[in-house]
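Lifted from TrEMBL, the feature list:
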DOMAIN    67-120  domain 'Cadherin'
SIGNAL    1-16  signal peptide
Amino acid sequence: MMKLFLILMLVKTSYEDTVVITKTLKEELSVGTFVLDLKKETNLMNTSSNDFQWVAKEEFEQYFSLENGIIRINKRLDREQMCPGLVECLKRIRVMSKKTMLLITIDFSIEDINDNSPIFNISDMKTNISESAQLGVFYQLHPAEDLDSP
Ligand SMILES: [Ca+2]
Ligand SMILES: [Ca+2]
């Protein structure tokens, strides 16, 4: 009976319904940090918490764990590594409810936490300042690179 159920699950390609959840998430959160309660988010009151499963364990899903309908951080989210040079860091995961065949798409916007210090490409800078320089005069320094700023 279980085998038949699994085969039917694999054959069935269309979902009964879909829901999209958008969530902003800071990078560098600790492993185990709570992210979402799928049962609460989807209002599936007649569904048990262990009814949720990954649609496919793709690249971005590895950053999360899914247990009893609760999504938690499973791996360090490093915005600079995931979205180098991009102003917005948008990532998607997909979960389904086996019982209701509800497809849940969760779109994350990964927020920067400014965890990198600026680095100057040169170690020494020399600037000539005239002894007759006026107060408030600005001198341009070589720019620093900051991985947090695309
Ligand atoms: Ca980072
Ligand atoms: Ca950062």
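The backbone N, Cα and C atoms fix where each Cβ goes, and this holds for glycine too.
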Pop the mean pLDDT for the domain 'Cadherin' (67-120) in here, whole number is fine. 94
Run through the domain 'Cadherin' (67-120) and tell me, per DSSP, how many residues are helix, strand and coil. 4 helix, 25 strand, 25 coil
